[in-house]
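Structure first, commentary second.
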Amino acid sequence: MQTLKTDLLVIGAGSGGLSVAAGAAQMGARVVLLEPGEMGGDCLNHGCVPSKALIAAGERAHGMTGAAAFGVGPNAPQVDYAAAQDHVAETIARIAPMDSPERFEGFGVTVIREAGRFISAREVQAGAHVIRARRIVVATGSSPFVPLIPGLSEVPYLTNETLWDLRERPEHLLIVGGGPIGLEMAQAHRRLGSRVTVIEAERALGREDPEMAAIVLEDLRTEGVEIHEDTPARAVRGTAGAIEIETADGRCHRGTHLLVAVGRRANTDGLGLEAGGIAATGQGITVDAGLRTSNRRVYAIGDVAGGPQFTHVAGYHAGLVVRNALFGLPVRVKPQILPRATYTAPELAQVGLTEAEARQVHGDRLEVIRQPWQHNDRAVAQRATTGLLKVMVVRGRPVGASIVGAQAGELIATWALALSAGLKMSQIAGMVVPYPTIAELNKRVAGTYFSPRLFENETVKRIVRVVQRWLP
Ligand SMILES: Cc1cc2nc3c(=O)[nH]c(=O)nc-3n(C[C@H](O)[C@H](O)[C@H](O)COP(=O)(O)OP(=O)(O)OC[C@H]3O[C@@H](n4cnc5c(N)ncnc54)[C@H](O)[C@@H]3O)c2cc1C
Ligand SMILES: NC(=O)c1ccc[n+]([C@@H]2O[C@H](COP(=O)([O-])OP(=O)(O)OC[C@H]3O[C@@H](n4cnc5c(N)ncnc54)[C@H](O)[C@@H]3O)[C@@H](O)[C@H]2O)c1
């Protein structure tokens with residue numbers, strides 16, 4: 001057994017762990033990083049990257065079917081599903097060097113390709129090593145949650161970890177779960193030519209503003225994705241190529257393949273949390289506002305910390321932990337500045353409070369400003385006029401923004417900045433945006449906020465009349 005002493009031990013080389021290791025090592029700390037699996041974690045290997053690559057393939061196919069309206073075509077896409085999966089694999093391979101052990105060793109990080117397990121409050125065992133660290137960061141992520149649906153364990157099913165190995169296009173893909181994974185993959189597969197049926201226990205995209213989610217669901221249904229809501233999967237049976245799902249409403253849905261996408265389970269098994277004096281619940285490791293666990297030397301970040309599960313959140317956590325662990329500066333997670341986006345078409349993005357949440361917190365002080373896509377010139381030129389931007393404003397400052405429409409994931413960045421920097425609507429209105437862009441909607445909504453104040457205001461009119469009388 002070899003004993004290593006270090007300033008910082010990072011357990012898990014995914015989105016969160018890699019950011020901590022790179023930042024801390026480049027700022028002079030001694031860092032040990034543990035990873036038994038593929039470097040890059042879920043996002044690179046089984047999550048964000050492959051899913052967005054397959055979505056891009058679906059977009060190409062869909063673009064061809066819709067091209068006639070632009071005077072192009074007629075075109076019917078010939079989809080080679082295996083080649084689309086090759087594009088997915090190539091995308092991962094092109095990004096992977098950024099997360100490679102060699103790159104991190106170049107920063108001075110000691111990378112050990114073993115799983116870590118706490119053996120005491122300050123020591124972690126990884127293979128033949130015992131690492132004693134001043135501070136420890138648990139960044140072990142999450143895995144697909146597989147529910148106890150009768151029959152599920154006896155049929156072949158896919159998860160986000162195995163979907164990318166498929167070489168033949170599913171003729172009819174059944175998806176249990178209408179969250180972001182379920183719907184992103186439903187639309188991508190539909191566009192690549194599969195029949196797709198989504199079974200959702202409650203409301204699809206249930207975490208989102210219902211008005212905005214309904215716009216996404218309508219477009220998905222128009223494209224031919226069958227979505228059944230308020231009906232949990234009750235039983236599963238069948239064999240490869242012939243799978244049946246019985247739902248609570250008594251219906252039976254038949255398909256050739258099954259994707260299970262009903263949420264995530266924090267990766268805490270085998271971590272020896274008890275030996276480390278680290279408290280956890282079914283949601284994940286319990287942390288305070290500064291991401292510290294019940295063991296004050298240990299932080300938990302990213303998916304394993306049981307909060308919002310996004311790569312940019314894991315990266316944000318990483319930045320806070322580096323500040324606290326290296327410089328001793330106080331840090332505090334600000335949940336209100338964390339954006340999220342679902343990459344369906346139209347995209348759906350949110351930062352801060354939704355309308356319902358803002359109403360609950362701010363009551364009558366809340367103003368909701370709406371800006372539809374119809375009158376945006378670029379959207380019209382691109383025949384992409386389905387969309388709505390809602391900004392929740394209290395006393396001249398945005399407290400939340402919900403966006404559904406083309407490029408919603410890009411547009412939300414302005415509101416993420418507005419919320420994190422505490423900007424006022426007047427500052428958004430004052431920015432100059434290139435014409436013609438979809439981003440003009442961000443400025444336009446601020447204009448809509450000020451319009452009644454300026455154009456329906458007798459005082460303003462009186463002032464203008466007086467000034468005009470005196471101006472030379
Ligand atoms: C299909 C899908 C699509 C997604 N799309 C998006 C998206 O578009 N945008 C977005 O922001 N988020 C997306 N996410 C979520 C995103 O992937 C996660 O939030 C992110 O990967 C979490 O980072 P993490 O560092 O917490 O965990 P991970 O990236 O999962 O990394 C954890 C690492 O820890 C390792 N590990 C586990 N146990 C141990 C141990 N005992 N010792 C050492 N190492 C260990 C694992 O092998 C893994 O490499 C998606 C997720 C899925 C599943
Ligand atoms: N664009 C993105 O950023 C992106 C994309 C994909 C995933 N993610 C992350 O990964 C996480 C997990 O995604 P997800 O879609 O698996 O989880 P989710 O928890 O967001 O959605 C799962 C859905 O499955 C439903 N469900 C649960 N049990 C069911 C049953 N027995 N029958 C039918 N439906 C059932 C739930 O009601 C829920 O709507 C997300 O919360 C998100 O944080 C992010």
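Positions of Cβ are set from backbone N, Cα and C atoms, glycine also.
TrEMBL does not curate its annotations; it predicts them automatically.
According to TrEMBL, the feature domain 'FAD/NAD(P)-binding' maps to 7-317. Mean model confidence of the domain 'FAD/NAD(P)-binding' (7-317) amounts to 97 (pLDDT, 0 to 100 scale).
Same-chain residues at least 6 positions away in sequence with a Cβ under 8 Å from that of Cys43 (disulfide bond) are, in sequence order, Gly14, Ser15, Val49, Thr311, Ala314. Residues or ranges marked as disulfide bond in TrEMBL: Cys43-Cys48.
Annotation comment: TrEMBL describes Lys52, Gly116, Thr140, Gly141, Ser142, Asp303 as FAD binding site. All protein chains shown were included, and the count of other CB atoms within 10 Å of the CB of Lys52 (FAD binding site) stands at 14.
Annotation comment: TrEMBL describes Gly177, Gly178, Gly179, Pro180, Ile181, Gly182, Leu183, Glu184, Glu200, Gly263 as NAD(+) binding site. Of all Cβ atoms in the protein chains displayed, 24 besides its own lie within 10 Å of the Cβ of Gly177 (NAD(+) binding site).
According to DSSP, the domain 'Pyridine nucleotide-disulphide oxidoreductase dimerisation' (339-441) comprises 37 helix, 33 strand, 33 coil. Sequence annotations record features per position, and here TrEMBL assigns domain 'Pyridine nucleotide-disulphide oxidoreductase dimerisation' to 339-441.
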Of Gly141, Gly179, Glu200, listed as binding-site residues, which ones have a Cβ less than 6 Å away from ligand 1?
Gly141
Check the recorded positions Cys43, Thr140, Gly141, Leu183, Asp303 for any whose Cβ is under 6 angstroms from an atom of ligand 2, and report them in sequence order.
none
Just checking a number: largest C-alpha distance across Lys52, Gly116, Thr140, Gly141, Ser142, Asp303 for the FAD site, rounded to a whole Å.
30
Please identify, among the recorded positions Cys48, Gly177, Ile181, Leu183, the one with the smallest Cα-Cα distance to Gly141 (FAD binding site).
Cys48
Gly179 (NAD(+) binding site) and Cys48 (disulfide bond), distance between Cα atoms, whole Å:
14
Just to be sure I understand the packing, how many Cβ atoms besides its own are within 10 Å of the Cβ of Thr140 (FAD binding site)?
30
